[in-house]
């Protein structure tokens with residue numbers, strides 16, 4: 001488990017390129033037949049990936065010991081979105097088939113969660129966010145057909161994109177975790193511009209569906225002290241509440257956003273005018 005400490009905005013603005021990457025970038029999300037796990041002190045979110053290839057991968061008691069509990073989800077909820085081939089997730093003996101871009105919410109109290117791929121030639125890639133939970137909500141599968149896509153932006157401003165809200169109150173109940181998937185239309189490069197912050201939530205972006213020769217310049221920092229982190233395919237970045245989170249790519253891309261914090265009101269954000277950015 002890779003533990004990341006919280007960081008003050010006044011400290012963050014003094015960091016060089018490598019310093020910013022050390023604090024906020026999750027460089028390796030998927031490793032064959034293993035789970036990766038980054039624990040952030042910011043709202044206690046855990047971020048990572050699970051890619052079973054030649055065997056199943058389970059997450060249970062061994063992780064619990066690192067969290068000071070008996071098992072991983074004793075006091076946590078889990079959100080998973082599969083960006084790879086078809087797979088299965090077994091929760092408490094019940095097996096869920098999770099296809100490409102299907103998702104599974106796992107409620108607090110699930111003692112063991114087992115991940116598997118259907119075809120080793122095209123393994124599943126389970127990206128997950130995990131947050132503290134105060135009560136148990138039912139485990140539920142969510143498919144792309146069950147989300148309500150919202151298309152925003154314009155080709156003229158190069159930010160035409162479709163937002164798919166997987167784990168939001170309109171779809172299912174969670175304690176605090178919200179997750180969704182945003183896909184840019186071909187030829188569009190910008191996400192979340194004009195940008196915003198949200199004082200009551202932190203957020204993690206996971207960029208994927210990118211060619212090897214492509215990258216995204218992820219914008220972060222306070223609106224008057226912006227910085228950037230260069231992101232490549234299948235990498236994640238942690239965004240504190242005080243930071244903007246936006247990006248521009250060399251080609252179109254897709255990203256998963258996950259938020260935890262005080263509320264789940266999607267529109268509870270502090271907008272920043274482009275003219276006010278520095």
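Here the Cβ of each residue, glycine as well, is placed from N, Cα and C on the backbone.
Listed in sequence order, 239, 245, 257, 258, 259 are the same-chain residues six or more apart from residue 203 (Zn(2+) binding site) with CB atoms under 8 A from its CB. According to Swiss-Prot, the feature Zn(2+) binding site maps to 196, 198, 203, 245, an assignment based on sequence analysis.
The Zn(2+) site is defined by 196, 198, 203, 245, and by the 8 Å test on Cβ atoms against their centroid, the other residues of the chain that qualify are 192, 195, 197, 201, 239, 241, 243, 244, 259, 269. The Cβ of residue 198 (Zn(2+) binding site) has 22 neighbouring Cβ atoms from other residues within 10 Å, across all protein chains displayed.
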